[in-house]
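In what follows, a single structure is set out as structure tokens and then discussed.
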Amino acid sequence: MQQDTLLHVANVSTLCLCMVLKFPQIFVMMRAKSSSGVSLSSLLLELSGFIVFLTYQMYYDYPPPTFLEYPILIAQDVLLLLLILHYNGSLKQSLIYTLLFVGGWRLLTVEKWIIDSAMSLCTFISAASKFTQLRCLWRSKDAGQVSALTWAMATYTCIVLVRFITMTSLNLWVLLTVVYYQKHGSRSKKEE
């Protein structure tokens, strides 16, 4: 019972944090009137991943509570994208990005295999987004206008997945052990 309550609190707090996740980043950029340190490529990858995930959930009629945070995150990322383009002096490119994202979103649902393939790439897209932001920071050796609070909240929202990662790792370990002993066991039987 207590574990269920803890999991419920973690889920609700994660949803609440997602509703304001990008606000600190938005406020930092607006206050500084600069997007230095914030990777445009990272943001575009993240936005793509969010759109794929949301589209997949809607395509397969998942219940809204399972994906409720994604429209909110997408709206916040779109605002961040507009701010980056504005501060980089390339706001005119927003029309191109709009056409690409809307066209890509429509393309995802043309065939079932397209959305399924895109969803299977979602984790890689998300990871690429983080590595792209890291690369930006490592190259500049300056955090610029990157909000530590936004990244702290994002870290918290992912901690809920630690159980999933742990169980996946343990399942993989068991699988590899089974395969190893099956091969080892068959060698022992052949030697006898």
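One-based numbering along the chain as shown.
Cβ coordinates come from backbone N, Cα and C, glycine included.
Over in TrEMBL, the protein carries these features:
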type	residues	note
TRANSMEM	6-28	transmembrane segment
TRANSMEM	40-58	transmembrane segment
TRANSMEM	70-88	transmembrane segment
TRANSMEM	148-181	transmembrane segment
Next item on the list: Mind checking which residues of the chain, 6+ beyond the ends of the transmembrane segment (40-58), have their Cβ under 8 Å from one of its Cβ atoms?
Entry: 66-67, 70-71, 73-74, 77-78, 80-81, 84, 88, 97, 101, 104-105, 108-109, 115-116, 118-119, 121-122, 125-126, 128-130, 132-133, 136
Margin query: What residues elsewhere in the chain lie close to the transmembrane segment (6-28), defined as a C-beta under 8 angstroms and at least 6 residues from its ends?
Written below: 38, 68-69, 72-73, 76-77, 79-80, 83, 145-147, 149-150, 153-154, 156-157, 159-160
Note to self: How about long-range neighbours of the transmembrane segment (148-181): same chain, 6 or more residues beyond its ends, C-beta under 8 Å?
What the structure shows: 10-11, 13-14, 17-18, 20-25
